[in-house]
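For 530-650, the entry in TrEMBL reads domain 'STAS'. Per TrEMBL, the feature transmembrane segment maps to 179-201, 213-240, 260-276, 288-310, 341-363, 417-438, 444-462, 474-502.
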Amino acid sequence: MGVTSDRVEYVCRYGGNGTTTSGVNVSIAAEVTMEIHSVCLPPKESTFQKLKHRLSEIFFPDDPLYRFKDQTWCKKLVLGLQFLFPILQWGSHYDLNLFKSDVVSGLTIASLAIPQGISYAQLANLPPIIGLYSSFVPPLMYSLQGSSRHVAVGPVSIASLVMGTMLSEKVSPVQHPTLYLKLAFTATFFAGLFQASLGFLRLGLVIDFLSKATLVGFMAGAAIIVSLQQLKGLLGIVHFTTKMQLIPVLTSVFHHTKEWSWETIVMGFSFLLLLLTTRHISMKKPKLFWISAAAPLTSVILSTLLVFLIKSKVHGISIIGHLQKGLNPTSTNMLYFNGQYLALAIKTGIVTGILSLTEGIAVGRTFASLKNYQVDGNKEMMAIGLMNMASSCTSCYVTTGSFSRSAVNYNAGAQTAVSNIVLAGTVLVTLLFLMPLFYYTPNVILVAIIITAVIGLIDYKAAYKLWKVDKLDFLACICSFFGVLFISVPLGLGIAVGVSVVKILLHVTRPNTLVLGNIPATQIYQSLNRYKEASRVPSFLILAIESPIYFANSTYLQERLLRWVQEEEERIKANHESTLKCIIIDMTSVTAIDTSGIDMVCELKKMLEKRSLVLVLVNPVGSVMEKMHRSNFLGTNSLFLTVGEAVADISASWKPQP
């Protein structure tokens with residue numbers, strides 16, 4: 001059937017045995033009229049229109065400008081401000097009931113955020129006070145620009161670990177503390193710049209390369225590394241390896257058994273058991289979430305009192321010591337924009353930026369789905385990015401939405417981003433008035449808090465599900481896991497991303513092809529392997545391609561299709577069936593084609609014609625149809641709308657003429 005506007009009708013006459021003269025099964029023994037539909041070209045568009053449409057589909061699938069249509073300039077200005085600052089959108093509807101809920105949730109997450117902030121700063125090899133600074137400014141910034149109602153912002157374990165690992169490989173935080181601090185702030189600035197750029201340019205597809213499978217393995221490996229690193233504080237070891245791999249860490253633990261402190265061990269494991277127990281209770285009974293939320297701060301208070309009371313008798317327990325009171329000092333003058341370590345700061349910023357962005361967006365979308373509202377991914381990128389850029393100038397390091405704190409925030413009944421403002425206010429009071437109270441806080445309690453938090457990142461159920469559902473996803477997960485454990489955290493992540501890219505390339509370069517058969521009494525054609533009732537149509541080989549046809553897979557597809565033809569001819573010969581006459585390719589799933597793909601189809605057509613076989617294409621999509629039409633290689637009877645129409649029309653043409 002050619003590309004015309006005419007409709008061709010013909011009559012198939014069936015015999016009493018329910019079979020056409022070509023052998024196609026039918027459900028009735030009667031005269032049936034089938035209408036053959038033409039395959040139409042898409043509406044004509046200029047090159048500029050096509051480019052505009054394509055770019056719009058790639059970068060603006062959500063159509064962010066729809067709300068500005070048919071609005072006055074004044075209204076557009078208001079909508080623009082609301083778009084940039086979502087707080088202006090819901091702030092006008094804010095009331096006392098919402099405020100009560102947000103105050104409760106804000107105070108609840110503050111009880112978790114304060115000890116976690118101090119702990120995660122140490123995980124990044126930064127002074128503990130930096131963790132508290134990072135729990136004050138970023139939540140305020142996010143509350144103005146973030147689109148999620150439930151995300152609780154602050155330092156997170158994975159980004160802290162990666163920053164600490166990457167920076168300490170080149171610069172010692174002990175020998176060069178000032179330089180290390182400068183690099184941490186600079187890395188935070190570049191993380192924010194990278195994140196905001198992705199949001200502004202609408203390039204969120206970059207973080208899509210961090211698949212769920214990759215993150216499951218990465219987080220599990222990182223959680224184990226973090227936990228093992230904490231053995232230094234949990235056992236009271238003074239001299240410990242700076243390496244993050246599994247073997248060096250375990251070697252260091254057992255090579256320094258003489259430094260183990262029994263007082264530290266007893267206190268550390270006691271509070272670790274308490275924290276794990278409260279976490280288990282909250283997981284079993286979600287309504288008791290407040291138990292695990294309050295446990296870290298409670299542990300800090302109890303352990304601090306205990307050390308204060310027995311300080312004269314116990315000297316083996318290290319304490320935090322003096323923490324400076326006051327608000328975040330400016331750190332603009334500490335940003336490091338030239339020198340030999342600038343590349344290190346940029347690389348660290350990009351890696352931690354990607355990880356924190358992935359976690360933040362995942363957290364926002366998770367809780368938005370539970371409350372049936374939408375989180376704009378690109379706006380979140382901009383909000384998190386601008387937040388981190390501002391944070392780098394106020395003595396903060398990389399922050400994002402935290403899984404643990406956001407879960408507590410959600411369960412505590414948070415209604416809006418005001419809970420982050422309450423969190424920041426609580427941290428402000430702590431910074432101004434309560435810092436001396438942390439003087440006797442033992443470092444081992446911070447270790448216990450870190451271990452308890454990161455254990456939740458080991459999701460063995462998700463790994464088992466990956467094994468059951470997709471072995472390649474499981475491979476990516478395992479590569480990420482062992483890469484982190486035995487090589488390094490950044491390289492482990494890189495390996496996992498590499499495996500994910502290889503998986504994509506496999507799908508593109510080695511697409512699936514299958515043989516279709518007719519389901520009796522219908523015009524439906526499905527896979528012969530999948531549907532046992534489907535039957536082959538005599539003299540036809542019906543194939544389906546389930547991918548775009550590009551230069552990367554065109555050669556493979558040509559070879560695979562010819563192999564299908566060869567196998568079909570051998571099967572026909574062995575079973576003494578009707579001679580193969582026509583090859584039908586169902587192109588319903590071929591969403592795109594390039595010049596290499598068109599050349600492949602042309603070459604395939606010529607090769608089949610030399611073997612006296614007809615090639616027919618079925619249901620190409622608009623863009624594919626347009627390119628093939630322009631190539632001028634298709635004959636007048638090479639295109640059909642459905643497989644059923646192709647079989648019927650070609651079968652009729654084989655009938656002897658009266």
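Glycine too: its Cβ is placed from the backbone N, Cα and C atoms.
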Intrachain residues whose Cβ lies under 8 Å of the transmembrane segment (417-438), provided they are six or more past its termini: 86-87, 94, 98-99, 102-103, 105-107, 109-110, 113-114, 117-118, 128-129, 132-133, 135-137, 139-140, 142-143, 146, 148-154, 300, 304, 320, 323-328, 409
Maximum Cβ pairs under 8 Å to the transmembrane segment (260-276) - stretch from the list 179-201, 213-240, 474-502: 213-240
Stretch among 213-240, 288-310, 341-363, 474-502 sharing the most Cβ pairs under 8 Å with the transmembrane segment (179-201): 341-363
DSSP residue counts for the domain 'STAS' (530-650), split into helix, strand and coil: 56 helix, 21 strand, 44 coil
Long-range environment of the transmembrane segment (288-310) - Cβ separation under 8 angstroms, sequence gap at least 6: 108-109, 111-112, 114-116, 267, 271, 274-275, 278-279, 281-282, 317, 319, 407-408, 411-412, 437-438, 440-442, 444-445, 448-449, 452
Same-chain residues at least 6 beyond the ends of the transmembrane segment (341-363) whose Cβ lies under 8 Å from its Cβ atoms: 148, 151, 156, 158-159, 162-163, 166-167, 170-171, 179, 183, 186-195, 198, 204, 206-207, 210, 215, 375, 377, 380-381, 384-385, 388, 398-403, 406, 490, 493
